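> What TrEMBL records for 30-70 is compositional bias 'Pro residues'. Under the heading compositional bias 'Basic and acidic residues', TrEMBL lists 76-89. Annotation source TrEMBL lists domain 'Pre-mRNA processing factor 4 (PRP4)-like' at 128-181. According to TrEMBL, the feature region 'Disordered' maps to 1-93. Summarising the annotation, TrEMBL assigns repeat 'WD' to 303-335, 344-385, 386-427, 428-469, 470-512, 513-544.
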Amino acid sequence: MEVDDDNSPSTSAAVPDGETPVATANSTPVQPPAVPPAVVPPTIAPLPAVVPPIAPIPAVRPPVFKPPVPQNGEVKAVDSDSDHEDDGRATAGEYEISEESRLVRERQEKAMQELLMKRRAAALAVPTNDMAVRTRLRRLGEPITLFGEREMERRERLRMIMAKLDSEGQLEKLMKAHEEEEAAISAKAEDIEEDIEYPFYTEGPKELLDARIDIAKYSIVKAAARLQRARRKRDDPDEDMDAEIDWALRQAGNLVLDCSEIGDDRPLSGCSFSRDGKLLATCSLSGVAKLWSMPRVSKVSALKGHTERATDVTFSPVHDLLATASADRTAKLWSSDGSLLKTFGGHLDRLARIAFHPSGKYLGTTSFDKTWRLWDIDTGMELLLQEGHSRSVYGIAFHQDGSLVASCGLDALARVWDLRTGRSILAFEGHVKPVLGASFSPNGYHLATGGEDNTCRIWDLRKKKSLYIIPAHSNLISQVKFEPQEGYYLVTSSYDMTAKVWSGRDFKPVKSLPGHEAKVTASDISADGRYIVTVSHDRTIKLWTAGNIEQENDMDWTEG
């Protein structure tokens, strides 16, 4: 069969442009066409239809909406995506501000106004004196103080008021107040002819100055005598200090209970020997102080006058007078025959301890009003109100020279004050709980303190630090007392129902005095060192004496 050349398919037309036709195995070789231009399609003609357009097509691009964002109180202009702003394609609904955006804008505007107000206020001159601030507030018609407002807050409030007036344009009112202040200051300056230099301290009465001078004169004589006695003992070959101390400690080590007496119907709180040792005074929670004769502890008289419980009692070291302290906020001065001489009132809270100055002219009292006070015995006048403790003041003790006084309290602190200048010269920190008792040693440079941490601390006034810590009792120490002659031993009383004697040389235990059935609240040592008395909440008075040593001495003297 013959193949029609006109109707046969062209292999070159079916092969894509740029590819070489491949002949199959059963194909017949075909002659190329006679007219090549009519069979092969042109390859350049379709190119213009495939190339993408160069210019952008606005209709295909989706619109981009940018809501206005307020910055620094102003609305930024909206940028349009189109070159034509009035093409009408953006509607008003697309740029409507929502409620949240409006609130954000208001907050930012308010913050901006406050910032500008603070900047304006910082540039204003505001007085630093609180009285001047109050005066300007009064002149501006504002309250001079608000409830609970402090000085810096009041000054800041004035600053903001002045800035507000400045921003509102009320400069006339502000300038008028400033002019009135300047006029008042100038008028005051004209009234004062000369400048007054105010002291840095609160000036006391003339009586206090006279008392300080008297104390200085007294202490100089006493200190000179003490130093002279110490030099004599050191340089005299006949003086054997160790032997003397050993004898005193042996005597203290042989203390025995000599007498026990019921002192009152209520617990006892204080006790004190008279200067000659013939009388003993006690006080109790009933508010009554009693006098007892020695050494048999026989009742002599009762001193009634306090309306609350009595907290302490002490005899004068010079006169036959005694003083009592009470929770009724008063101290009273009594004669040895039981008559009331004076009442010292002025404390704002109950009294704790009380002590006489070595000269016998002054009386020191401590109180829970965080102060201790010095009183004149002759006039009954309050000479000194001394602050310095952060909590209640409990114990007080005068130096034997009369120049110093120690106070201790519930702030776990012991302070030493110079009575001649009124300054706090030492502050002893070491107790971890309230300090309840203090006592100066007759040697002049040791101070003993005891408190609720169950320890007794020995402080050296020369080194200004703790010298020794005595783990004295198993309960709080209510009072400490040095032996009044030479300070050879120390007595501590405690709520563990015992009193203990410690060596004044190395602070080792010498003797324990058990016998009470309740807390031991106070103790005292007679002037000659022969007797020790303790009182307790068990309402008993117990008298301790070294009778065995006295008998041994008498036997030795008889045999000699």
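Cβ coordinates are placed from backbone N, Cα and C, and glycine is handled just like the others.
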> Given a Cβ distance threshold of under 8 angstroms, which distant residues of the chain, six or more beyond its ends, lie next to the repeat 'WD' (428-469)?
223, 226, 230, 391, 394-401, 404, 406-416, 475-487, 490, 492, 494, 502, 504, 507
> Residue counts in helix (H, G, I), strand (E, B) and coil for the repeat 'WD' (344-385), per DSSP?
0 helix, 23 strand, 19 coil
> What are the DSSP helix/strand/coil residue counts across the repeat 'WD' (428-469)?
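Here the numbers are 0 helix, 24 strand, 18 coil.
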> Please give the sequence-distant neighbours of the repeat 'WD' (513-544): residues at least 6 beyond its ends with Cβ less than 8 Å from one of its Cβ atoms.
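Contacts of the repeat 'WD' (513-544) (Cβ under 8 Å, skipping residues fewer than 6 from its ends): 248, 251, 255-273, 275-277, 280, 282, 284, 292, 294-295, 297, 312, 475, 478-479, 481-485, 491-501.
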> What residues in the same chain, six or more past the boundaries of the repeat 'WD' (344-385), come closer than 8 Å to it by Cβ-Cβ distance?
204-205, 207-208, 211, 214-215, 218, 222, 308, 311-319, 321, 323-333, 391-402, 405, 407, 409, 419, 422
> Across the domain 'Pre-mRNA processing factor 4 (PRP4)-like' (128-181), what is the average pLDDT of the model, as a whole number?
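79, rounded to a whole number.
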> Determine how many residues of the repeat 'WD' (303-335) DSSP places in helix, in strand and in coil.
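Helix/strand/coil tally for the repeat 'WD' (303-335): 0 helix, 19 strand, 14 coil.
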